[in-house]
Amino acid sequence: MEIYNTLTRRKENFQPREPGRVCMYVCGPTTYNYIHLGNARPLVFFDTVRRYLIHKGYEVLFVQNFTDVDDKIINRAQEEGDDPLALARRYIGEYFKDADALNVRRADRHPLVSEHIPDIIKMVDELVKKGAAYVVDGNVYFEVRKFAGYGKLSGRTLEDMQAGARVEVDPRKRDPLDFALWKAAKPGEPCWDSPWGPGRPGWHIECSAMSLKYLGTNFDIHGGGYDLIFPHHENEIAQSEAATGQPFVRYWMHNGFITVNEEKMSKSLGNFFLVRDILAKFPPELVRFFLLSTHYRSPLDFDGEKMAAAGRGLERIKTSLRLLYEALERPVSEGVQAVCSRDPFDEIRASFEAAMDDDFNTALAIGAVFDLAREANTAVQRTGPAVSGQDRQILQYALDLFNEFNEVLGIFKVDGASGRLLIDGAAGDDSGLVEGLINLILEVRQEARKRKDWSTADRIRDGLKELGILLEDTPQGVRWKKQG
């Protein structure tokens with residue numbers, strides 16, 4: 001298995017610190033708001049990484065933090081007249097609601113900054129004693145130029161960073177590049193006692209202290225979004241290696257940005273989507289499927305047409321599963337000649353593994369799922385009202401592969417009673433089938449609009465309205481919702 005390592009800028013053969021065991025840390029959200037689509041991508045992707053490592057037989061210790069002490073939280077709490085820590089806890093609860101909807105499994109540990117202040121103070125104190133950090137008026141700063149390897153993750157030189165430093169430099173710093181490890185207390189902000197007076201930790205030191213506490217030095221995988229490479233992860237390396245004298249992380253993994261209609265997602269452009277708003281319009285399995293449909297290091301563009309295309313693809317997989325479930329209920333007759341072969345399914349399984357072994361290429365892995373759907377459909381069509389014992393075993397193998405691939409990709413939730421994949425919503429719920437039919441109808445309407453056949457397009461819209469389905473034509477594509 002190979003992983004692209006941001007630190008070395010190449011794919012490397014994966015060799016964990018301990019054979020058979022993987023320790024991984026992923027930077028979690030700063031909990032001052034509901035999570036947005038950009039937060040959801042690393043959330044879903046690194047959940048998939050963890051799932052695949054377990055599938056490969058590794059024991060995985062997965063840690064994902066919550067930053068519940070931060071300037072953004074303090075500012076938001078002041079706006080709302082709330083306590084910063086209480087506000088952060090509330091949004092942590094909302095985070096789990098969105099994560100659960102996207103079928104993201106809980107980490108083994110979810111450390112909070114506010115519960116690890118002694119660990120953070122201890123690490124800052126160690127850096128001060130080693131001469132890597134200095135104290136000014138109750139603030140503690142890391143002295144960047146004393147760490148020889150600074151810039152090795154981002155590929156930036158000190159000269160480049162110096163040129164890009166802001167004009168307004170904190171006069172308390174010895175160098176504009178130095179960053180805060182501990183911030184002196186300000187009125188109205190949460191603070192804790194420390195050897196340098198009351199204050200709170202800086203952002204970067206939090207992740208270092210918590211990851212080192214639970215995973216130790218030179219742990220296996222540290223993940224996060226591409227935007228965290230600099231300064232956050234660069235600073236994590238500097239302070240961690242200065243404190244311990246040991247390599248911090250073996251493999252650094254970073255996912256690409258999400259764009260909306262090929263523009264960067266931002267509040268100012270009005271294209272900033274919260275996960276829960278998206279989940280109000282699209283089923284969670286489709287959102288997860290879409291997020292995994294592109295290689296994690298590539299940008300992922302979100303728009304209505306791409307979601308509709310992903311929806312059509314997902315419906316093909318659902319249809320194949322429905323056919324398999326139905327075929328496996330047919331009677332077995334030994335008088336029926338076997339017509340199916342296991343070989344194509346073995347090849348598909350190998351191609352899925354090869355895709356995931358190649359830097360967790362979920363896009364190619366999903367391609368293998370489509371191959372499985374096509375081959376399963378062919379096998380079902382070849383069999384009759386009764387199937388041979390051999391063919392039934394092959395059909396069951398096809399279903400087992402769907403389950404195996406889903407255990408890695410996590411697209412569908414699993415019914416605890418039957419073990420079936422929940423492809424149509426909750427057990428006994430046909431909402432998924434209804435949604436698929438509506439999307440097919442909308443596809444026909446879209447084709448009519450392209451032909452400028454407005455009469456047909458309007459007739460479809462009016463017919464759906466009579467059934468309680470309202471359509472909204474937007475620049476991102478057509479959206480629908482149930483009336484009332």
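Going from the start of the chain as shown, residues are counted 1 onward.
For all residues, glycine too, the Cβ spot is worked out from N, Cα and C.
Summarising the annotation, Swiss-Prot assigns Zn(2+) binding site to Cys27, Cys207, His232, Glu236 and lists sequence analysis as the type of evidence. In the structure as shown, the Cβ atom of Cys207 (Zn(2+) binding site) sits within 10 Å of 27 other Cβ atoms. According to DSSP, Cys207 (Zn(2+) binding site) sits within a helical segment.
Sequence annotations record features per position, and here Swiss-Prot assigns motif ''HIGH' region' to 29-39. Within the motif ''HIGH' region' (29-39), the DSSP-based counts of helix, strand and coil residues read 3 helix, 2 strand, 6 coil.
Swiss-Prot lists 264-268 with the feature motif ''KMSKS' region'. On the 0 to 100 pLDDT scale, the motif ''KMSKS' region' (264-268) averages 71 in this prediction.
The annotation ATP binding site is assigned in Swiss-Prot to Lys267.
DSSP classifies Cys27 (Zn(2+) binding site) as coil under the three-state reduction. Neighbouring residues of the recorded Zn(2+) site, listed in sequence order and excluding Cys27, Cys207, His232, Glu236, comprise Trp203, His204, Glu206, Ser208, His222, Gly224, Leu228, His233, Asn235 (Cβ within 8 Å of the Cβ centroid).
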